[in-house]
Every structure is written in C-alpha cells, then in structure tokens.
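The next block holds one structure in the form of structure tokens; read it before the comments.
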C-alpha cells in the first residue's frame with residue numbers, strides 16, 4: 001500500500017511548496033547543464049526533514065527529462081561501491097543521450113564502517129563528473145569541508161503552516177474526505193514546518209474515514225521533534241536501547257497506542273531472526289499492558305515501554321540509516337471503516353440495556369445475539385423491535401442483514417404499526433380520563449345523588465312490609 005507522502009510526491013518543481021528561491025536556483029543550475037558545463041557540478045540541498053529536498057531533486061529530473069540514480073543512506077556507501085555505481089553514472093549519459101542525475105541522500109551521515117571512505121570517493125566522483133550531481137543533507141556543516149567546497153549549497157526552509165494546510169485540504173479532496181478546517185490546520189500547525197510529517201499525520205487520522213473532524217486528529221500539542229515517525233526512526237535506527245526509550249519521553253502517545261505502530265512497522269524493517277525476536281519483545285510488552293488494564297497499575301507501563309522500544313532496538317546489531325516509509329496501524333484503518341457499525345451496535349445495546357435493566361456492556365456482550373434471534377422470528381420480531389424502539393439500521397445489524405432488504409424493511413414497518421397502535425390506544429385512554437375530569441358540576445351532582453340513593457336503598461334493612 002503506497003503511503004500518501006509517496007502518492008502525492010510532486011511530479012515537477014511547480015509542486016514544491018514554500019521554497020520558491022531554492023526551486024529557482026535548481027532550475028537555473030539545470031539550464032546551465034543543458035547549455036553546457038555549469039559553474040559547479042554538484043549542489044547540496046540542505047534543510048530540515050520533510051521540506052521537499054529529495055522530492056525537489058526527483059522533480060527536477062522529471063521536469064528536465066533526465067534519467068536519475070539514487071543512492072541513499074540505507075545502502076552501503078563504501079568507497080568501492082560509490083566508485084562502481086555513482087562513478088560511471090556521473091560520467092556517462094543514457095543510451096538515448098539524456099543526462100543522468102546522480103542523487104546521494106543523507107550526505108551528512110557518511111560515517112561508520114558501512115560508509116568507510118565514502119566522502120573521499122564522492123569528492124572524486126564530483127571532480128570527474130560530466131553529469132549533474134546532487135547531495136542531500138539535513139545539516140550543511142555536518143558535511144566534510146572538502147565536499148562543501150566542491151559544491152554549492154541550496155537551502156530549503158521549513159514550510160508555513162498555511163501552505164501545508166492548503167496541500168492537506170487538496171489531499172482530502174482527492175481522497176474523497178470532507179475535512180473540518182480546524183482539523184487540517186491543527187495537523188499543519190503541529191508539523192513544525194515538516195510537510196512529510198504532516199501528510200503522514202493526516203493519513204494516520206483520516207485513512208478509512210469520509211469526514212475528518214478535529215477530534216479525529218491523532219496529533220496533539222506535543223514537541224514536534226518527537227512525532228511518532230521520528231520515534232520509530234529512533235527505535236529501529238537509533239544508536240542504542242536507551243536512545244530508543246528516551247525518544248518516547250515527549251511523545252503524546254500511550255504505550256497502548258505506540259505498540260500498534262511498532263507492530264505494524266516491525267516487518268518493514270526487520271527480517272527473519274530479528275523479526276522473530278522483535279515480536280517476542282512486543283509479546284512480552286503486551287503482557288504488561290494487559291496487567292495494567294486488569295490491575296489499573298500504571299507503573300507497569302514503564303516495563304512495557306522499555307520492552308517495545310529498547311527491547312526491539314536491542315535485538316538488531318545493524319545500524320540502519322535512510323528514510324523508511326513507515327505506515328500507520330492497519331488496525332486503526334479497520335476501526336475507522338467499522339466506526340458507523342460500532343456506533344449502531346452501541347446504540348442498540350443501550351436500548352436493550354435500558355429495557356432489561358442491565359449494563360450496556362453486558363447487553364453488548366451477552367444479549368445482542370439473543371435479541372437478534374428474537375427479531376428473526378416471525379412471531380416475535382415485530383413486537384420485540386417495537387418494544388425496544390429499534391430503528392432500521394439497528395434491526396439490520398442485529399439480524400445480520402442489509403437495511404435495504406425487504407425483510408428488514410417489512411419488520412421495521414410492522415414494528416412502527418405496533419408503536420402507532422399503542423400510541424393511539426394511549427391517546428384514547430388519555431381522552432377518557434380528560435372527559436371524566438372536565439365533566440359538568442351539575443352532572444356530577446346528579447350522578448352522585450343517583451348513586452347515593454341506590455346505595456341507601458341497598459343498605460336499608462328490609463322490614464315486614466317487604467314480604
């Protein structure tokens with residue numbers, strides 16, 4: 001399943017938001033390549049995460065009709081690999097004569113065993129390049145100085161919340177989702193200028209819904225540096241278990257929510273033995289969460305949190321880098337899709353509970369199937385539906401049918417007839433009572449006099465003259 005961040009990635013530079021100056025510099029550099037050799041062979045696109053640096057590089061290749069090759073931080077970038085892959089790509093055009101753009105992502109993370117000699121190899125590639133090269137980094141000054149001197153920096157800045165909100169509304173329209181302006185603006189404001197994070201937050205809140213309200217938004221006022229996606233990065237790619245745990249301290253997600261995120265994305269990052277050990281840690285964490293629910297002892301959260309973060313990080317000895325397309329829990333999507341059905345179910349359970357003098361939870365767990373069986377019976381169905389005051393959607397849910405079926409519609413109509421008959425009977429009884437109450441005083445006096453005379457005659461003792 002393609003994430004929305006990938007699905008709505010810009011296809012050309014006009015789609016890059018909030019960084020018009022950077023886009024202009026990119027276009028000018030590309031046109032210089034088209035006319036011959038530019039002043040610099042390589043650009044460094046730098047700025048905060050999620051502001052469109054990689055998207056701009058890919059959009060440039062698309063707009064200029066260039067081929068491209070991308071080497072990101074998830075790949076091993078030793079001197080030998082860079083020499084064998086990026087080297088030839090930067091010196092030779094395609095068979096059709098098109099230029100080839102070489103993109104190296106996370107250039108400020110060239111360190112460690114896997115990237116040994118990578119910076120020096122990239123510098124040699126740039127010096128010998130006859131094709132355009134782009135380096136992408138978050139921190140400009142984390143790139144080694146010889147590399148910086150061989151390139152020209154192009155800065156990307158954080159994107160304004162209004163600009164982000166405008167794009168989020170367009171995405172909602174494309175997905176057929178009606179969105180409250182406050183909900184979209186809340187996501188945009190909480191993103192801290194990170195467009196990718198905002199789109200991911202929108203997807204987590206809105207996927208499976210038809211109407212997005214403010215209360216549906218999963219994000220809340222929290223440190224934007226501690227978004228769920230950055231926490232997942234720390235868990236799966238952090239230096240150690242402690243950093244994985246500490247990344248959750250400012251996260252506004254309970255362990256019961258966080259475990260669903262990790263469970264969904266664990267198979268994306270880990271494989272084979274690591275995956276099995278990772279799920280074992282999640283299983284143990286879930287045991288502690290169960291104890292929290294049963295005992296209401298929230299101090300046990302700390303053990304669950306460590307197992308699902310530090311424990312999951314500890315099962316892997318690899319140091320992973322680069323961008324991973326994390327996805328929101330599929331469980332939440334299913335809950336969103338069944339929200340209306342659950343609402344109808346709970347409404348029916350409340351009516352049954354009130355009629356039977358039991359709790360709603362008991363009615364929901366024990367009586368729904370029983371009432372459904374009564375509704376399916378021709379003898380009792382209409383009477384039960386009328387007694388409980390069920391609407392057509394509740395009848396359909398309890399009988400396991402669609403509201404549009406003739407059987408459900410007839411049952412609902414019969415129940416309505418019973419209800420109307422009872423209402424008419426109640427009105428008749430009420431009218432009779434009112435008639436008695438508004439009877440004329442002289443009529444009452446004559447009636448009472450007549451009744452009194454009859455009573456006196458009945459109570460009078462018989463005499464001899466009666467025989």
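Each Cβ is built from the backbone N, Cα and C atoms, and glycine gets one as well.
As given in Swiss-Prot:
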type: BINDING; residues: 47, 48, 49, 50, 51, 52, 53, 54; note: ATP binding site
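Annotated features, which come from Swiss-Prot, shown on the structure.
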residue: 47; record: ATP binding site; Cβ contacts under 8 Å, 6 or more apart: 19, 53, 138, 155, 156, 157, 158
residue: 48; record: ATP binding site; Cβ contacts under 8 Å, 6 or more apart: 138, 156, 157, 158, 193, 194
residue: 49; record: ATP binding site; Cβ contacts under 8 Å, 6 or more apart: 138, 194, 196, 197
residue: 50; record: ATP binding site; Cβ contacts under 8 Å, 6 or more apart: 191, 193, 194, 195, 196, 197, 198
residue: 51; record: ATP binding site; Cβ contacts under 8 Å, 6 or more apart: 18, 19, 156, 157, 158, 159, 193, 194, 195
residue: 52; record: ATP binding site; Cβ contacts under 8 Å, 6 or more apart: 10, 16, 17, 18, 19, 156, 159, 195
residue: 54; record: ATP binding site; Cβ contacts under 8 Å, 6 or more apart: 103, 105, 136, 323
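Listed in chain order, the extra residues whose Cβ falls within 8 Å of the Cβ center of the ATP site residues 47, 48, 49, 50, 51, 52, 53, 54 are 138, 156, 194, 195, 196. DSSP assigns residue 54 (ATP binding site) to a helix in the three-state reduction. Within 10 Å of the C-beta atom of residue 53 (ATP binding site) sit 27 other C-beta atoms, taking all shown protein chains into account.
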